[in-house]
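A.B. asks: These came from TrEMBL, pasted as-is:
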- A:18-511: domain 'Cytochrome oxidase subunit I profile' (DOMAIN)
- A:56-76: transmembrane segment (TRANSMEM)
- A:88-111: transmembrane segment (TRANSMEM)
- A:131-155: transmembrane segment (TRANSMEM)
- A:167-195: transmembrane segment (TRANSMEM)
- A:215-237: transmembrane segment (TRANSMEM)
- A:249-267: transmembrane segment (TRANSMEM)
- A:287-309: transmembrane segment (TRANSMEM)
- A:330-351: transmembrane segment (TRANSMEM)
- A:371-394: transmembrane segment (TRANSMEM)
- A:406-428: transmembrane segment (TRANSMEM)
- A:461-486: transmembrane segment (TRANSMEM)
- A:516-537: transmembrane segment (TRANSMEM)
Amino acid sequence: MNTVPKGDRRLALSNLGFAYAAFLIGTLCGLLQVFIRNDALTLPSWLDYYQVLTAHGLLLAIVFTTFFIFAFFQSGMSRTLGAFGPRVLLWNWIGFWVTSIGTLLVVVMVISGQASVLYTFYAPLQAHGLFYVGLALFVIGTWIQGFALVGHYIVWRKQNKGELSPLFAFMTVATVILWVIACLGVVATVLFQFIPWAFGWTEGINVELSRSLFWYFGHPLVYFWLLPAYMAWYVVVPKIIGGRVFSDSLARLSFVLFILFSIPVGFHHQLTEPGIASFWKFLQTVLTFMVIIPSLMTAFSMFATFELRGRELGGKGLFGWVTKLPWRDVRFTSIFIAMAFFIPGGAGGIINASFQMNEVIHNTLWVVGHFHITVGTPVAMTFFGLTFWLIPHLTGRRFTKTLQKLAFLQIGTWSVGMLLMSTAQHLLGLLGAPRRTAYTGYAHEDAQAWFEGVLSNHVTMAVGGSILFLSAVLLIFIVVQLWWLAPKADESTFMQFPIAESDASSTPKFLENWKIWIGIAFILIALAYTIPLSDIIQHAPPGSGRFQTW
Amino acid sequence: MHLHKYEKIWLAFGVFALIIFLSVVGVSAFHQGNTPSGGHMTIDPEKVRETAPFNEPGLHKKEDGTYEVSMIAMAFGYDPAKLQVPAGEEITFTLTSEDVTHSFSIVGTNVNMMAVPGQINHRTHTFDEPGSYLVVCNEYCGSGHHFMSTEIEVIQQ
């Protein structure tokens, strides 16, 4: 009785399974880290802290998110544009396998101790050449899956000439475009710099160029995580609360603006380094700040949807509508809390990107706190909220009352854990505690102060981290139940993919003219990057050799 | 495209906030001269110790009366390992790396700069208070990264 076509279902479930396997191992690595940093645990000699840290970053920030995002895209595209044809399905599978093989290659290299280069793999730290090959395959696989989805969209556009595509499909295509343009940077550095250098075909590497190309990719990567969460906020949440999309045209416009302003901005990650003139750093700071506009538009749309629905249900007065929202529905509450975390998260982002304030927090624990309340909560917890119905939707099982209670416990513990851990990390960062260190035992009174506060304390961080791990295990338990063990749904209890109604009748057609937006994006990228990058190439020092310092 | 009345107010507020934020950052950068560390000198990363000013790491007095500290970052420490500098004087830290990427971050100050191999970084700072300042490397540089630290003694003259 499951309405999802079998082929599409198996594809999405394969991506989901991979995502949650990575999630389990990644969070376990996180747990190990907080104990090692507090001297509560000593690793066996064959395992090193920085190996664990590399695995944690890669598995959670890249592998879990990417595989989950494709599972979400594939099920949503199949739901809104109809079942995949055989060719779309085939290319999606090819992409899935290429992505998976790339991931496994990277993981094997990390586990065998030949790639403790962390998630940023900065040159001239040199991992085994196969690590970079794995990274390249990973990106290529995601491109194949992305293009397969765009192919499905093109087929629909041809069959529905002159019509605007459904909002979900529009947003998926926008995200894939962002991802492909963003990856050009990392593909260029991996293929043309890292692989030839790591295998010994070239002598030196231009470190500053590799860093700039990495961060050209590294910032829009953040929006590759965020946009799928925004899709859930714009399209899925209104349906769950029984409302509709607040404004179709504003939703599309905000996604277009995210494409334009999240790519030409990587230099704000390099504000404290030489080789880039202040002017270019400042210009990219300005462009970075522009994402404030679509971010505020998104916030407005969300709360407008909530208020309209709350008032429809009889909410009175200035805030009476808040009480009418479906707080007992974990599919809504999880995502609402995720959104709330994004308010301090976004404010912290403005601080990080600020030309001068960045010096105060650059590479301190503050940054770690920042991405745990942006990627680790708004994005990840939105994905959790989606998981609660996406797996039943695909497996045809029921999200039972007991499982719903457990889901509340899961998001509750995740929120508390994140709050404790990230608050401690932000405060410790302000006190100068560095990130990415195995121990914090510097023999100096300034470093001892990092253990003295109530919240600004490494122990508080560890407590938060431990709660998070328990929450992660609970989530895996729920996933396993929904996948294999919960009772089968019947017609009345089958969980449909929730898609809210979106009135596109007054949406201008040019919003879906991708040529315009891709063109403007490339003009902005050329403005922000051509001169500084050619300067880095022409004014290059002799290349750096290969170093393995772990 | 239809825009709701409150949406217009909200967007106007957002644009206004954006202008304020960028003005603050811009005035601070271009009027008050507050720019983060940087520099455009390059160096052969294999010949750091033969190239001035890194052939003599440490504190030097410049002709204009200010001070320069030339500092080499390496796995897993700094050269010079011990450093004394005067309080109340303008000091320019000139930094490079002879191996991988490191950082030079003085806890409790805004001196926080990256040591990128092949590039020379600069940051000027005046210590107002004498005392001992902790310097840490906050960019991962290998298995001894967490041991990479030093102290700067700031002394009253």
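Every residue gets a Cβ built from N, Cα and C, even glycine.
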A.B. asks: May I ask for the residues of the chain that lie six or more residues beyond the transmembrane segment (A:167-195) and have a Cβ under 8 Å from a Cβ within it?
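C.D. replies: Sequence-remote neighbours of the transmembrane segment (A:167-195) are 69, 73, 76-77, 79-81, 121, 123, 129, 132-133, 135-136, 139, 142-143, 146-147, 149-150, 153, 156, 205-206, 209-210, 213-218, 220-221, 223-224, 227-228, 230-231, 234-235, 245, 248, 251-252, 255-256, 258-259, 262-263, 266, 499, 502, 504, 512, 514, 517-518, 521-522, 525.
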A.B. asks: With a Cβ cut-off under 8 Å, give me the same-chain residues at least six positions beyond the ends of the transmembrane segment (A:406-428) that come close to it.
C.D. replies: 330, 333-334, 337, 341, 348, 364-366, 368-370, 372-373, 376-377, 380-381, 384-385, 388, 399, 450, 453, 455-458, 460-461, 463-468, 470-472, 474-475, 477-478
A.B. asks: Express the predicted model's confidence over the domain 'Cytochrome oxidase subunit I profile' (A:18-511) as a mean pLDDT, rounded to an integer.
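C.D. replies: Averaged over the domain 'Cytochrome oxidase subunit I profile' (A:18-511), per-residue pLDDT gives 94.
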A.B. asks: Which of A:131-155, A:215-237, A:249-267, A:287-309 has the most Cβ pairs closer than 8 Å to the transmembrane segment (A:516-537)?
C.D. replies: A:249-267
A.B. asks: Return the stretch with the most CB pairs under 8 A relative to the transmembrane segment (A:131-155), choosing among A:56-76, A:88-111, A:287-309, A:330-351, A:371-394.
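C.D. replies: The stretch with the most close Cβ contacts to the transmembrane segment (A:131-155) is A:88-111.
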A.B. asks: So if I exclude everything within five residues of the ends of the transmembrane segment (A:215-237), which remaining residues of that chain have a CB under 8 angstroms from its CBs? That is, six or more out.
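C.D. replies: Distant Cβ neighbours of the transmembrane segment (A:215-237) are 61, 65-66, 69, 72-73, 76, 120, 167-168, 171-172, 174-175, 178-179, 181-186, 245, 251, 254-255, 258, 262-263, 265-270, 288, 298, 301-302, 305, 332, 335, 338-339, 374-375, 378-379, 382-383, 385-386, 498-500, 502, 529.
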A.B. asks: Who are the long-range neighbours of the transmembrane segment (A:461-486) in its own chain, taking Cβ under 8 Å and residues 6 or more past its ends?
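C.D. replies: For the transmembrane segment (A:461-486), the sequence-distant neighbours (Cβ-Cβ under 8 Å, at least 6 residues beyond its ends) are 13, 20, 23-24, 27-28, 30-31, 33-35, 37-38, 40, 384, 387-388, 391-392, 395, 397-400, 403, 406-407, 409-411, 413-414, 416-422, 424-425, 428.
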